[in-house]
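See below for the structure under consideration.
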Amino acid sequence: MVAFGKRLKETQIQEWQGYYINYKLMKKKVKNYVQQIEVSEQSHEYVLKDFSRILDKQIEKIVLFLLEQQGELASRLFILGQEHDVLVQQQDGSKLSELQQSYRDVGRELLQLLFFVEMNAIGVRKILKKFDKRCGYKFTNYYVKTRANHPYSQLRQIFKHVGVSAVVGTISRNLADLQDNKGNYTSIYDHPGLPLQDPIIGSINQAVDRLTNSTDFLHYLGKHALILPEELPTPSEDHAANERYHLMSLLLNLANAFLFMVNTYIIVPTADDYSMSLGAAATLCGAVIGSMAVAQVFSSVYFSAWSNKSYMKPLIFSSIVLLVGNTLYALAYDFNSICLLLVGRLFCGLGSARAVNRRYITDCVPRHLRMKASAGFVSASALGMACGPAVACLLQTNFKFLNITFNQDTLPGWIMALAWFIYLLCVWTTFREPPMEEIEDVLLPKSNSVSGKIENGFVQKGITQPLLLSEEETKQDEDEDQDCDNSEESAEEIQKPVTSIVSAYKLLTPSVKVQLLIYFMLKYAMEILLAESSVVTTYYFIWSTSNVAIFLACLGLTVLPVNIIVGGYLSNIFEERQVLLASEILVCLGIVLSFHVVIPYSVPQYVCSALITFVAAEVLEGVNLNLLSRVMSSRLSKGTYNGGLLSTEAGTLARVFADSTITLAGYWGMSRLLNVTLLPSLFICIFSIIATCFTYNSMY
């Protein structure tokens, strides 16, 4: 199979150029309108009508070309169907294989056509945005409102996909019939639940979803892992991924994510009691919980770098470090040592292998299973977050064995040490390390797949050139969107993973930076809520450890139901940007309701405000990461400094600052702890809302 980047011949590139939206012409018209308005005070109505007419003609050109190309694909499929009938009777295996390849070729050309539509859709969006900004009119609202629902609107034709669905159906059915090149054919109609494991079909469906902004729970949840997808891998990549794939190794990888989240949250209900039993203030729980996050800031980097060479060794090292860390945490009680307690949690943070978990899914899971594996990673993490406090609730006992104390404070450490020991044995005996040379091959750039990738919404080479401006034109255009900055990179640079945090930072557009700020904000607010829950509820409501654990477990159990609602329904009804902004406002509302002002602080006030804050933050996290996975540079999909590492670092730093805030706020006394810790959350939340409003239109 020839690589996707070589499918489009140079003659075809030149032929398609004339059918793209003429971005230079439209940009020139906008400048002319600005000059006319300044000089002759041209009427707004004339400008709106004239520009609408020009844009209508551009879109009509795109639609007619799209219909023409779909007709050509239909003709090719008709001819292939006739060949199919003849070859089935002959039972010639080699020719059947060639026929399969021919169907895939048609699928690849359909995918190119969808990229053509997507690039023009982005071009239309940029033109509308530029017009609004330069002319001061709300042209976008007028144009979309008048064209969205009209029965003869060409704008609607682009998003109907009737012809696309027919072509995809034909390709899918015939590839299913020819599966395994054997006479035992499987019908997609007799077995509708049977998935067709051909990457071209998945790529087409993803391209259609991008155009229609439709999604489902699986894809919505899977993108939370921020495992950035490649548009279409080469056959060698598909074969290599299948060779590296090992189900038991994947399950062990997901088990690591689950156990680590349990390890993180199992001590939250008892951290204040443990601190006081060692003679420290209850608010030291912030330092106890946060010390794990401090170490995780550094461990994420070296584990990400280590995963360039191996997966099994980092997981083994992680298990050993976590085993030691939890043991030290449990022994701190009998040694009456705060230092030992903090060192134990630092060791637990140094064992964070979440970067390895993400990287294994990216490199060693076949493409057709990658979204499911990503969703499994997120689900395992969410389940671990809920199970941690739930397990702590069950450890209400107190006894000694061999002069070692086992109580509600130390048992979380001993239980997790045992769990990591068992996990270590499982990894040692069951995990299968992918061949070293294959791992290195995955990390090397593929020069023959350049033009199939998308960079921040733009196909990086080939047929997209008419939409992009030259470097000189970009410098002259002061209002040009930051979205296309990365399109000026050379093809070689596009394929290289970034080699430093500085290089990764340079690839972040303003909208991506704002989304990382939002991620920081929501993690900060959630950590304040969770980490100080035991201290606050004990001071105001005299809750027991069991009550705190049950409350935190119930909060954790809302994660998956909320994501089902958002991923399955809300994201298909509202724009993700709208859900993003609404969620930020709800987080802000939850924080405001949490303050203790004048009236006595009550359980209903605390529970309701905590529920609003936590649920809104969960919705915000899902939508934010979903948007982030679309707009982040594809160069951040692999290498040490990848998109997953950046998001992990942003969230981890938020936890560090939040836990530090709790510890420092203890100096003002327990009566002021709640309000003092909530003030930074409120300020950061308000700042993120303002930043979101400024970059709202530039988000995907």
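Placement of Cβ uses the backbone N, Cα and C atoms for every residue, glycine included.
Under the heading domain 'SPX', TrEMBL lists 2-145. The transmembrane segment annotation in TrEMBL covers 250-268, 280-303, 315-332, 338-356, 377-399, 411-431, 516-542, 548-570, 579-603, 609-628, 673-697. Annotation comment: TrEMBL describes 472-492 as region 'Disordered'.
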Q.
Can you see whether the transmembrane segment (673-697) and the transmembrane segment (250-268) are touching - at least 3 CB pairs under 8 angstroms, only pairs 6 or more apart in sequence?
A. no
Q: Count, for each of 280-303, 315-332, 377-399, 411-431, 609-628, the Cβ pairs lying under 8 Å from the transmembrane segment (516-542), and report the range with the highest count.
A: 609-628
(Q) Can you work out whether the transmembrane segment (548-570) touches the transmembrane segment (315-332), with the criterion being 3+ CB pairs under 8 Å where the paired residues are 6 or more apart along the chain? (A) no
(Q) Which range wins on Cβ pairs under 8 Å with the transmembrane segment (377-399): 250-268, 315-332, 579-603? (A) 250-268
Q. Short question: which residues 6 or more past the ends of the transmembrane segment (315-332) have a Cβ under 8 Å from it?
A. 252-253, 256, 259-260, 263, 267, 274, 278, 303, 338, 340-341, 343-353, 356, 404, 410-414, 416-417, 420-421, 423-424, 427-428, 431
